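J.: Sharing a structure below in structure tokens format, with a few things to ask.
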Amino acid sequence: MNVKEEIDIVIITGMSGAGKTVAVQSLEDLGYFCVDNLPPALIPKFIELIESSSGKMNKLALVIDLRGQTFFDQLFESIDLLDQSSLSKYNIQILFLDAKDAKLVQRYKETRRSHPLAKHGLPLDGIKKERELLEDLKGRAQQIIDTTDLKPIQLREKIIQRFSCEEHHSFTVNMMSFGFKYGIPIDADLVFDVRFLPNPHYVDHLRPKTGLEGEVSSYVLKWTETQQFIEKLEDLLSFMLPQYKREGKSQVVIGIGCTGGKHRSVTLAEHFAKVFANEYMMHVSHRDVEKGKER
């Protein structure tokens with residue numbers, strides 16, 4: 001292997017039941033060589049072995065979970081060692097998968113599996129203890145994905161979208177609409193509240209529609225306060241996004257929330273995605289728009 005060639009290293013971790021198996025399978029499909037439960041202290045030696053092999057292997061994914069909970073300090077030491085040895089050679093990212101407690105409990109009940117830390121078979125006790133153990137690791141993560149509302153195929157799509165770029169230093173802006181009544185997305189870097197804007201929900205013929213439809217978006221965008229908000233947020237993001245990119249972040253998740261995630265937030269997420277489409281790789285999603293249709 002050419003010693004100057006960069007090696008992408010993704011460390012997959014997170015809450016038990018949050019989707020690490022799907023993440024591994026998705027990265028394997030992208031050409032990553034995946035290793036499950038490698039002791040963190042052996043990571044530098046393992047990478048040396050990979051580099052000295054005759055085969056070209058420049059994309060690695062390593063799964064670290066509670067089976068190796070005593071090794072988390074060694075994980076940080078190994079990452080720091082690799083960073084110090086050659087900043088230009090290793091592109092290391094920690095991918096942390098998370099989900100709300102209630103969803104994790106539901107998944108354990110559906111699969112009839114026991115949480116690795118659960119006492120007396122009570123998954124919620126294990127989940128709470130696991131969160132405490134993983135707090136520092138989550139704080140070091142460059143990528144956090146909330147899988148609460150994601151089906152396996154949706155998680156796969158999200159991982160492929162985040163890791164399939166030809167240029168791994170490319171910068172992606174994820175614009176996400178959501179409803180505050182369903183909770184703030186935990187993987188958002190920035191959150192903006194647009195509940196102060198006039199609400200199409202109170203217009204009878206607009207209530208069943210969404211911000212993806214012209215009538216609703218026209219209604220939301222016609223107000224003076226909407227245009228003032230757009231102008232101010234465009235100015236703020238025009239300043240902030242280049243700073244995030246310069247800092248070395250590979251992606252930023254921007255959450256725009258209204259009450260139900262159906263009208264105002266959807267309209268504005270679509271608007272800002274179009275505004276910045278010529279400057280950045282944009283991805284827009286509407287977390288709660290289907291929930292809104294059901295109500």
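Yeah, the Cβs are placed from backbone N, Cα and C, and that goes for glycine too.
Reproduced below are the annotations present in Swiss-Prot:
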- Gly14, Met15, Ser16, Gly17, Ala18, Gly19, Lys20, Thr21: ATP binding site (BINDING)
- Asp65, Leu66, Arg67, Gly68: GTP binding site (BINDING)
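Each of these features: where is it, how hidden is it, and who are its neighbours?
T.: Secondary structure at Thr21 (ATP binding site), as computed by DSSP, is helix.
DSSP classifies Asp65 (GTP binding site) as coil under the three-state reduction.
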